[in-house]
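Novice: Sharing a structure here in structure tokens format.
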Amino acid sequence: MFYLFESDFLGLIPETFLLLGLSALLGYGVWYEKGRESDMTSHQLWIGGLCLVFTFILLCESPLMNMILCYNTLIIDGMSAFLKSLILISTLCIFGLSFAYLPQERIKAFEFIILLLLATLSLMLMVSSYDFISLYLAIEFQSLGLYVLAALKRDNEYSTEAGLKYFVLGAFSSGFLLFGASLIYGLTGTTNFEDLGLLFTGVGPTDLFTQGSIVVGLLFLSVAFLFKVSAAPFHMWSPDVYEGAPTVITAFFSIAPKLALFGVLIRVFYLGFFDFLFSWQQIFFFCSLASMVFGSFGALGQVKIKRLLAFSSIGHVGYMLIGLATGTLQGLQGIFLYLLVYMIMTINAFSVVLSLRTREGEPKFLLDLKNLNLKSPILAITLSITLFSMAGIPPLAGFLSKFYLFFAALDASLYSLAILGVLSSVISCFYYISLIKLMYFHKADEVELKPILPIDSQKGLLLGLSFFGILFIFLYPSPFFLLSHAAALSFS
Amino acid sequence: MNLFLAAFAALGISSSIMVIRANNPVYSVLYLILVFVNVSGILILQGLDFFAMIFLVVYVGAIAVLFLFVVMMLNIKVEEKQESMLRYLPVGGGIGLIFFLEVVIGLDKEFVPLNLLSLGPSYESEILPEYLHWGETLAQKTGIEAIGQVIYTYYFYYFFMASFILLVAMIGAILLTLHNDPKVKRQEVFEQNAREFSRTIQKAS
Amino acid sequence: MTEFFPIFIFLIISLGLSLILVGIPFIVAPQKADPEKISAYECGFDPFDDARGKFDIRFYLVAILFIIFDLEVSFLFPWSLVLGEISFFGFWTMIFFLLILTLGFVYEWKKGALDWE
């Protein structure tokens, strides 16, 4: 039997390494934890970060580029390599943010690191999944870890509420996913994406009776995924969860699962159900529109920083869904580019928010940003450039990615989506700019300047790198274009 | 056989209605156990004996116990009378109707004979795949053996994923529920067993 | 399927027997209740408060850990049945599965989730 899987284990070397590394870390942590809890988290962060770096190197050096593994349950291709490396980088950034955050919030549980590593592993497996069963298992694996991470501060009401809400709605959407997948399995007798794609080749709109139920299955699947990526009619949970979870976990939530879920969405709908393009295009069209509108209008009324960031991420998900709705390779490339830029911007925004910590704790409200210019001019300029980039103001990275997506939409004749996208990004400018006004032009008379705690070197490094990325990707975008193009080409 | 199916299904449905209609949450959980038992009866009728066993062991043996614990922990006495059932009926009934229609539509449909007639009669011979009659090629196996033969070999990945999920569940449950209060004295089994009375009892002089 | 028929007979008999045992006293036994008869007697006393108090989440933890090992054991059944046919590969997959869960077990042991105070 082993000869059947001989080379499969070669393809899974990065994941295997990550698994072995985190098992060793778990054993190390639980064995030597007694009496030195605070040292332990920092050890684990360093070693876990190292583990991620090695996994990244193994991933990049992997000689196997295109392969189907483990008896048609997993696949390696350009997209999986691209998204897996983004996931690893984002987890590494989260680790960088955690160095100062964990002691500040007195989180002594080293399981934080283990669960993050397990979640990373599951996200990597999720991007590779090639079959509904492996997809479902990977999603469950990922969500279980994330529910626990959201409720990590178990004495804090917000955090437990976040965990509970995330759990209930996550379980609900997993149920939808299962229902849709079992409908499709019941009608076709296969769960494999490629087999489904082959089976559906050239299906015309003739037999509505059979096809109708496939379309309903498809509807359930897309609702489940849209729940998970928190796209608009299904976004209710995300502001609460983002607000309640510990801030580094919020940063993780808003980056890594979205990277993996967009990979999965693309794999399911472009590989398995591409011949039903005109059915699912409408769903994503509507959801993308709704997410952009809800994202920008919902953010206008917010007073808390993390809720604002949650709404902004809903808006970004809407822009990315434009790329999905196009049904073209250009749209896919736009999504990949957007994901990359979104990752950089979100890392930057969250590291600024975490750097604003004063002696009294983390800033919660937008008003805490008042007069940031006087307190720390460099942080103020970083945050304002990032916000400009999120809004899509020209010479910044965010503009590049949005521009590319809108052009993809125009090429696919989705004119209304492109126009409304531009309009909603104009609306989103309002609240981004109102933040900047708060930082720079607020009257300075009644301020009591609480000093900001010094920023540790890891966070400084992250701030610098991501700021550099936001500023200069526009000047030399070709490597990123090439990377995202290579990722998109796996669906040509 | 149909009689058994009808009996199990009727009992299952009526007890599942009782799950949501019972006023006392403990009764709800007990009815839920009855539902699980009936469903495992249906599974046996389908020939899925292993799943019926798992259903009983996992759901009745463990999950129903968890439900009871939750009911106890939340300390709900008697649920308030659901006077507002009519309020939820349109939405719930609509969703239920959709699910029902979906199952009716989906039942007994196959996708494989891809609308041959619509393509015209000449394509028929080219498109129609040669079916392999699996029933003739396979040896007779019981359900549990059939599962065992694939899940540990061809689909070992699913099996490993199950172990990862269980590991995460273990870590998560302990992380979220275990409070180690340093003030509470704990059992130190090894030390307590290794104590010698000659060293511990001392003569007070 | 027919091998489950004895179980069905067993179910019928147990159902009937329990119904008879509960039902006969209702019919046969004389029921003349008076306040002295139905009140608590001997060592019994009226309960001080509701039996449904809140209790420690630790019980819940034990139940969850039980479920996890319950599932692990239920995976062992098919394995033991087909061990002769699945070659060494099948053997090692189960060993790997058990290793991962043993890791979890070591974790919960060292963490003290199984001790009682």
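Any Cβ shown, glycine's included, is placed from N, Cα and C.
All annotation found in TrEMBL is predicted automatically rather than curated by experts.
Sequence annotations record features per position, and here TrEMBL assigns transmembrane segment to A:12-33, A:45-69, A:81-102, A:109-127, A:133-152, A:164-188, A:208-227, A:282-301, A:308-329, A:335-356, A:377-397, A:403-433 (among others). The domain 'NADH:quinone oxidoreductase/Mrp antiporter transmembrane' feature in TrEMBL is assigned to A:129-428.
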Novice: Give the one range among A:45-69, A:208-227, A:335-356, A:403-433 whose Cβ atoms make the most pairs under 8 Å with those of the transmembrane segment (A:109-127).
Specialist: A:45-69
Novice: The transmembrane segment (A:208-227): which same-chain residues, six or more beyond its ends, come within Cβ distance under 8 Å?
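Specialist: For the transmembrane segment (A:208-227), the nonlocal Cβ contacts are 169-170, 172-174, 176-177, 179-181, 183-184, 187-188, 233-234, 261, 264-265, 268-269, 273, 276, 279-280, 283-284, 287.
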Novice: What else in the chain is close to the transmembrane segment (A:12-33), if you only count residues 6 or more beyond its ends and a Cβ gap under 8 Å?
Specialist: 40, 44, 47-48, 51-52, 54-56, 58-59, 62, 69-70, 74, 84, 110-111, 113-114, 117-118, 120-121, 124-125
Novice: Which sequence-distant residues neighbour the transmembrane segment (A:45-69)? Criterion: at least 6 residues beyond either end, Cβ under 8 Å.
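Specialist: Hits for the transmembrane segment (A:45-69): 7-8, 10-15, 17-18, 21-22, 25, 28, 75-78, 81, 84-85, 88-89, 91-92, 95-96, 98-99, 102, 113, 116-117, 120, 128, 130, 490.
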